[in-house]
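Q: For reference, the structure I am asking about is given below.
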Amino acid sequence: MAEGDHGAVDPASQPGAAASPAPQPGAAASPAPDPDAAGTRSGAAAPSWNFPPLLRTLAARARPYVPALAASGVLGALCTRAVLADAGHPALPLDDAFIHMQYARRLAEGGFFSFVAGEGYSTGATSLLWPVLLAPFYALGLRDLSLVYAVWALGLVFHAALAVETARLARPLAGPAAAAGAGAMCVACAAFAWFAWSGMETVAFAWILTRTARLAAALCEPAAPEPARDHAAVPPDHAAALPHAASTSPDGAPPASARQASSAPASTYAATARALALSGLLAPLLRPEGALASLIAALALATAPRPAPAPFPAPPLPRTGRLLALVPLLGPLVVPALNLLLAGHATSSTTAVKWLIGNPNYDTRALRAAVLENLQLLVADVLNGGRWTAVFLPEGSGAVIALGAVALVVAAHRRGRPAHAAVVIALALGVLLPCTYLSFLWNRVRYVWPFAPAWIVMAACLAREIGDLAQRLQRSLHYVAPLVAGAFAGALAARLPWAIGDLANSARAIDRQQVWLGRWAAEHLPEDARIGVNDTGALAYFSGRRTFDVVGLTTEGEARYWVAGPGSRFEHYEKLPPDRRPTHFIVYPHWMACPPVLGRELVDATVEDQAILGGTTMVAYEARWELLGSGALPVHTAPGERILDELDVSDLESESAHDYRPGPLADQHNHVVALPAPESSAPGELDPARPEIADGGRFYRTADRFLTRAAGAAGVAEARLVLRVAAEGGAELAVSVAGQEVGTVEVPAGTWVERDLPLPAARLSGPTPIEITLRRGSGFHAFHYWITGR
């Protein structure tokens, strides 16, 4: 693949190629023309092929991709055949792929990034460009599973393009042979194969990251021109990106003139700069991490040396090139601007759900611990072919990457390519971004692979340096570098059978569960049904019903409550208007973790022998809403008593209004329970209409502090605090008002109880801090606090 990355055409077919001299009068007849040189049969007249310049340019652009497309085509045939054999029809291994397809369908139907018809713009599209690429195929008639064929075709194209771009990035650093090996490593990489035919944007994003890095390096360190070639037929970004064989020294370093700003013609520089600005602009629209590509592009455009003035009129870019550096910086602003304009807030729902930074459950200490844990997993497991990546990487891959990083620095020094090394290092360090994700390990570690081309370039540099070392020992060992690069590619290819089998198995699992349930819903649920889902892709795409994403990715406003935990979701559902509540749920029960809203089971889909699903069984339920609000009041009320203030624990709005701080990692202990009405020590009678109540609460507390604003307490003669609490092993709680202890509460072991304690009514006339502290026991569960008076 790297051998064809010049983009040059056969000199014999170019205008201006030297013609054979005509025979002189009286001279001996010239020998028959060489068929290889003339391209004709002996004795036949040479045909004249006058292709238009555009076709010659397109042919030159396409030529480097032919070997890669052929290799990707073979690999794609193996992958799709395995999927078709396992699932029986087109299928995809990740439910998120159907989220893209649903957005594509809505775009084709005229809904601008609306996930559910009639519900407006959704901030849940992680990638804007991927659904845009799919939408025309849906509009042209590829509906239902037929759209998967378009997804597969795009995957093939980007898989081949990634191999070409990686080879081009590696060539100035590692030379042509090792660069060809880098392209082979890309083709052989099992992770790229898995994701190219997964329906996800992963490989397309890896391509645009690598292309941006390659263009940035080419702009800063352009290749020397080849006078013997007709550059009019060579795409400028191809010519600028690669040092041609004729212009490199034996060790791969360009001559001194190639390292000067005057080595690139102004026209080539202008075309490269424009291509770089476009890549930097588009990268964040494929995935948010593309902001890294935007930054690389902007820095290169701002700092790259300008070409020397040409003797003929040059494009205006050299005078305006610095302003062009602003174009990539617009890319990361597009999605927040759209969100702000169409949804009223700049953040996306995906960010709220998956990003540790900004997650309210993680304070500085918890955030640092989570990120460090991800970093340790990255180094010790993910990069090393451990538990999480064994299906894709050979064991011990981390050593090759580490040695490759050293070889990259050596290669850059020897060949005078510091900018190339810098962009590869920046691309490699981009893998640290997913370490800040709560979802770091999800979906076959899919957030890591777009940065893997940098590892492959490092491996190519390692192969080249090993080869050069071998040649220093014995000059005849010129084959060592391609041999080592080939060995790396072979080691990666050894994982392909396992990865292809996993791809097919995962696609079958999604098809037998989410896709099957989506089709079941289309046949059995009313057309006006609204389905609560935790995997929203296939269920929305195949059911044709409105969905309510309990995770909040595709339903605006729900992400905050998903992040907080099940107890907060239940409290939130109490406030939802009835027409917004789901009529049914199709969920993993353990993910939903909200039994009070799950009614009668309708059907389930159980898939075993798989490792991709969030659970073995997904269940369809009727929604159950009769317990909403059942825990809003104390079970006992005294005659003439009224509620002066209420802190509904787990209710995010109530907690905020009372300055209640749940503490770090509070989502892990935020639950909802439905139990018989608690035993109460408060005066009054049990309400017989409430034999069972449901309430959200925070478990394993050692202290609760909040600020009460007891409206109307000034005229109250008696006040008391009612606590709905529980303690698995029993507990004693001390209650303080404005820093002064007013009494203790004994909580027996077992399920929840309600206990009351007199409060000094005179001290409740204004905002008053109240503190409940664990005095004895291992912890308590807090559900509700009321301040009552009469």
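Counting starts with 1 at the first residue shown.
Cβ from N, Cα, C; glycine included.
Features from TrEMBL:
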- 10-39: compositional bias 'Low complexity' (COMPBIAS)
- 1-45: region 'Disordered' (REGION)
- 241-261: region 'Disordered' (REGION)
- 111-133: transmembrane segment (TRANSMEM)
- 145-164: transmembrane segment (TRANSMEM)
- 176-197: transmembrane segment (TRANSMEM)
- 323-346: transmembrane segment (TRANSMEM)
- 391-412: transmembrane segment (TRANSMEM)
- 419-441: transmembrane segment (TRANSMEM)
- 447-467: transmembrane segment (TRANSMEM)
- 479-498: transmembrane segment (TRANSMEM)
Q: Cβ under 8 Å, sequence separation of at least 6 from the ends of the transmembrane segment (479-498): give me the contacting residues as numbers and ranges.
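A: Residues 75, 78, 174-175, 177-178, 180-182, 184-185, 187-190, 193, 391-394, 400, 459-460, 462-464, 466-468, 470-471 contact the transmembrane segment (479-498) from elsewhere in the chain.
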Q: Short question: which residues 6 or more past the ends of the transmembrane segment (447-467) have a Cβ under 8 Å from it?
A: 162, 165-166, 169-170, 173-175, 177-179, 181-182, 185-186, 189, 191-192, 195, 202-203, 205-206, 209-210, 213, 252, 287, 289, 378, 382-383, 400-401, 403-408, 410-411, 424-425, 427-428, 430-431, 433-434, 437, 439-440, 477-478, 480-485, 488
Q: May I ask which of the stretches 111-133, 323-346, 391-412, 419-441 has the most CB pairs under 8 A with the transmembrane segment (176-197)?
A: 391-412
Q: For the transmembrane segment (323-346), which partner among 111-133, 391-412, 419-441 gives the most CB pairs under 8 Å?
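A: Answer is 111-133, with the largest number of Cβ pairs below 8 Å.
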